[in-house]
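Features as listed in TrEMBL:
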{"type": "BINDING", "residues": "Lys98, Arg292, Arg293", "note": "substrate binding site"}
{"type": "BINDING", "residues": "Met137, Gln167, Lys191, Gly192, Ala193, Lys205, Thr230, His231", "note": "FAD binding site"}
{"type": "DOMAIN", "residues": "44-304", "note": "domain 'Proline dehydrogenase'"}
Amino acid sequence: MLNRMYRSTVLGVATQKPIEQLVRSRAWNVAQRFVAGESSATAIAAAQELAADGILSNLDLLGEFVNSVETANEFAEKILAIQNEAAAAGVVPYVSIKLSSVGQGQTVQNGEDLGYLNARRIVGNARALGGFVCLDMEDHPRVDQTLAQFRALVAEFGNKTVGTVLQSYLYRSEADRTGLDDLHPNLRIVKGAYLEPESVAMPAKSDVDASYRRLVYAHMKAGNYVNVATHDDSIIDDVKMFVLSHGIPKTQFEFQMLYGIRRDLQKKLATEGFTVRVYLPYGRDWYAYFSRRIAERPANVMFVLRGMLKG
């Protein structure tokens with residue numbers, strides 16, 4: 001409960017424009033710990049550095065809740081560009097996209113959803129380049145539409161080219177996972193970082209963690225590919241024991257972590273022969289993502305304040 005109150009307070013404060021302006025002007029030196037620069041070039045360079053340590057990357061251009069058709073299309077073009085740039089640089093063009101960033105919810109030609117149309121372009125480009133697209137999951141009102149669009153994209157492009165995310169703090173996620181089983185989907189399992197009402201999301205960390213384990217184990221037992229996205233040592237250790245006891249090969253799952261967090265653990269898992277992929281966010285619209293990272297741990301606030309004083 002205290003953790004939820006802390007997150008609620010931090011995220012509430014972060015929405016205030018004077019705070020955003022202050023952090024943007026004074027905390028970029030701190031944000032760079034969590035964000036791989038503001039351009040595709042800096043993101044690709046960071047991916048190449050990770051590759052030198054045997055770690056894969058998941059490139060994510062930051063930006064949420066785009067309000068115009070023009071801006072959504074521009075955002076989609078930027079994602080298409082980094083797919084091509086990454087492939088040219090020898091980096092697998094594995095990207096994450098938020099459908100809201102490319103127009104989800106905006107109806108255009110023939111009554112179709114702009115986010116879906118742009119996602120088709122991006123996923124099609126990924127297939128042509130030998131890449132992959134993960135459809136990020138956002139706040140709970142978008143879950144149904146995102147899963148429906150994911151299902152349509154898998155039907156067209158296959159489950160080797162596009163995947164999506166389930167959040168263990170949502171009560172609905174276990175039923176959602178079961179409902180996707182016929183697709184044999186590639187799923188990233190996360191705990192969830194959005195501030196959600198208790199009517200849809202579990203307030204207790206212990207319940208969220210238990211749900212997380214159930215989602216990972218069920219998806220593995222169904223023979224599907226799982227992205228175990230966590231920095232939680234106890235969950236990582238439990239997953240290691242689970243795959244060993246159930247004979248699940250290392251080729252059926254990977255560990256995913258955030259850029260700038262637990263770098264020592266990332267390298268350790270890679271040297272142990274596990275596939276490790278780092279979620280590599282970049283771009284000028286970094287504030288919302290940065291705020292969610294700060295809201296995860298009280299120690300992060302002091303880290304930011306110290307950095308702002310130095311900056």
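Note that Cβ sites are derived from N, Cα and C of the backbone, with glycine treated the same way.
TrEMBL entries are annotated by machine, without manual review.
Features recorded in TrEMBL, as mapped to the structure shown.
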residue : record           : Cβ contacts under 8 Å, 6 or more apart
Met137  : FAD binding site : Val143, Thr146, Thr164, Val165, Leu166, Gln167, Val190
Lys191  : FAD binding site : Gln167, Ser168, Tyr169, Val208, Asp209, Tyr212, Thr230
Gly192  : FAD binding site : Gln167, Ser168, Tyr169, Leu170, Ala201, Val208
His231  : FAD binding site : Met257, Leu258, Ile261, Arg262, Leu265
TODO: Quick one: give me the count of other CB atoms within 10 A of the CB of Lys98 (substrate binding site).
DONE: 22
- [ ] Give the helix, strand or coil assignment DSSP yields for Met137 (FAD binding site).
- [x] coil
TODO: Work out how many Å separate Lys205 (FAD binding site) and Lys98 (substrate binding site) at their Cα atoms, rounded off.
DONE: 25
TODO: Please report the DSSP secondary structure of Ala193 (FAD binding site), reduced to three states.
DONE: coil
- [ ] Could you state the whole-number distance in Å separating the C-alpha atoms of Ala193 (FAD binding site) and Arg292 (substrate binding site)?
- [x] 6
Open item on the list: Under DSSP, is Thr230 (FAD binding site) part of a helix or a strand, or is it coil?
Closed with: coil
Task: Cβ packing number for Arg293 (substrate binding site), 10 Å threshold - done: 21
